[in-house]
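Colleague: Below is a structure I'd like to ask you about.
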Amino acid sequence: MENGEVPEDANESMNCSKPCVSGFPSTDCPGPQSESAGKSDSCQGCPNQEACATAPKGPDPDLVAIAERMATVKHKILILSGKGGVGKSTFSAQLSFALASLDFQVGLLDIDICGPSIPKMLGLEGQDIHQSNLGWSPIYVESNLGVMSVGFMLPNPDEAVIWRGPRKNGLIKQFLKDVHWGELDFLVVDAPPGTSDEHISIVQFLQATGIDGAIIVTTPQQVSLIDVRKEVSFCKKVGVEVLGVVENMSGLSQPLTDFKFMKAGEHGEQVDVTKAVLDCMREKAPELLELVAFTEVFDSSAGGAAEMCREMGVPFLGKVPLDPQLCKAAEEGRSCFEGQSCRVSAPVLRGMIEKLLKVKEWNQDELQHAENGRV
C-alpha cells in the first residue's frame with residue numbers, strides 16, 4: 001500500500017454508513033496517513049489493520065510532482081455523474097470543443113479507466129501516446145486542445161481493463177504527474193459514474209493545487225436523480241464546489257423535417273410515408289416546416305434536476321435536449337458547434353458555457369474570450 005492509498009476493504013465507521021477513505025476519513029477512522037493508523041481502537045477487526053500500521057507515513061512525495069505539473073493549469077473542472085449513460089462524456093467532449101473554439105488552451109483528461117469513450121468522441125481512435133524528455137505528450141485534436149486517456153494505451157479497442165482500485169489510482173496519479181500539458185487555461189476531467197476510487201483519488205491528488213469545481217450531469221427522471229444526489233453529497237463532503245448541474249436528454253427535440261413519418265400497413269408492418277407528409281406540408285402549410293418538435297422521453301413530473309438543485313442548494317445550469325444531431329456529432333468525434341446541424345442543442349450548450357464563465361468571474365481575459373470569440 002503506497003502513501004495514503006485506500007485499502008479496498010477498509011473498516012467502515014460512522015455507524016457503518018461511510019467507509020474509511022484516504023484524505024477524507026470518517027469520524028472514527030484515523031486515516032492511513034495518521035501515526036495511529038492500524039493502532040487505534042477503531043482499527044480493531046479491520047482486514048487492513050496490519051497494512052495501515054506498517055505503511056509509510058507522511059505526505060505522498062508524488063503530490064509534489066503533481067503540484068509542479070498543475071502549476072501551469074489555471075482552472076480544473078471535474079465532470080461527474082451519479083449514473084452511467086446520462087451523456088457525461090458527451091458533455092465533457094463538447095465543453096472542451098467549445099472552450100477551445102473560444103481560443104482557450106484546453107486539456108481533456110479521461111479518468112474513466114474501464115470505459116474510456118473520450119478518444120472516440122474527439123475523433124482520436126487509434127492514436128498512440130508519445131513520450132518526450134518532458135513527459136507523456138497529450139494527443140492533440142487542435143493546437144489548443146489536448147487529450148489524454150487510457151484508451152490510447154489499449155492494444156485494441158475491445159480490450160477490457162480489469163483493474164482493482166490501487167492500479168486505477170496509480171494510473172490517475174501517473175496522468176497527473178507525467179503528462180506534459182504545458183500552459184492550460186482549463187483542464188477538464190471526465191470521471192466515471194459514481195463516487196468511488198477514481199473520484200477520491202482525483203480530488204486527493206489535486207486538493208493542494210485547487211479544483212475550481214464540478215459540473216454534474218444527469219437525466220430528468222428520479223432513477224438518475226437519486227444517484228446524482230449522492231454525487232452532490234460527495235462533492236460537499238470532500239470540499240469540491242458544485243459549479244452546476246446539467247439536465248441532459250431533457251426531452252427529444254429536433255426539426256420537424258428531420259422526423260420519419262410511418263403508418264401501419266395491411267399486415268401491421270411500418271410503411272415510410274415521410275416524403276408524402278413533407279410534400280403535403282410544403283403545399284398546404286409550409287410554415288410547419290420551420291417548427292421544432294419536442295416530446296418528453298423521461299418522466300420529469302417530480303421537477304427534474306431543477307427541483308433537485310433547489311432542494312440541495314446547488315446551481316442549475318440548464319437543460320440540454322436529446323438531439324439526434326448531437327448524438328451523431330459525438331459518434332463522429334466532432335464539435336456540435338461546427339455548421340448548423342446541431343441547431344437545437346448547440347445554442348443551449350453555448351449558453352451554459354458562457355453563463356459559467358461569467359458567473360464564476362474567471363479573469364478578465366477569459367471573460368473577454370467569451371464576449372469576442374463566440375463558439
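Placement of Cβ uses the backbone N, Cα and C atoms for every residue, glycine included.
Sharing the record's features from TrEMBL:
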- CYS29, CYS43, CYS46, CYS52: [4Fe-4S] cluster binding site (BINDING)
- GLY82, LYS83, GLY84, GLY85, VAL86, GLY87, LYS88, SER89: ATP binding site (BINDING)
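Have a look at these and tell me how they're positioned relative to everything else.
Modeller: When other Cβ atoms within 10 Å of the Cβ of CYS46 ([4Fe-4S] cluster binding site) are tallied across all protein chains shown, the result is 19.
Same-chain residues at least 6 positions away in sequence with a Cβ under 8 Å from that of VAL86 (ATP binding site) are, in sequence order, PRO193, VAL217, THR218, THR219, SER224, ASN248, MET249.
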Colleague: By a simple count of other Cβ atoms within 10 Å, which of LYS83, LYS88, the binding-site residues in the record, is least packed?
Modeller: LYS83
Colleague: Hey, for the ATP site built from GLY82, LYS83, GLY84, GLY85, VAL86, GLY87, LYS88, SER89, who else sits with CB inside 8 A of the CB center?
Modeller: SER81, PRO193, VAL217, THR218, THR219, SER224, ASN248
Colleague: Where's the emptiest Cβ shell within 10 Å among the binding-site residues GLY82, GLY84, GLY85, GLY87?
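Modeller: Relative to the other binding-site residues in GLY82, GLY84, GLY85, GLY87, GLY85 has the fewest Cβ atoms within 10 Å.
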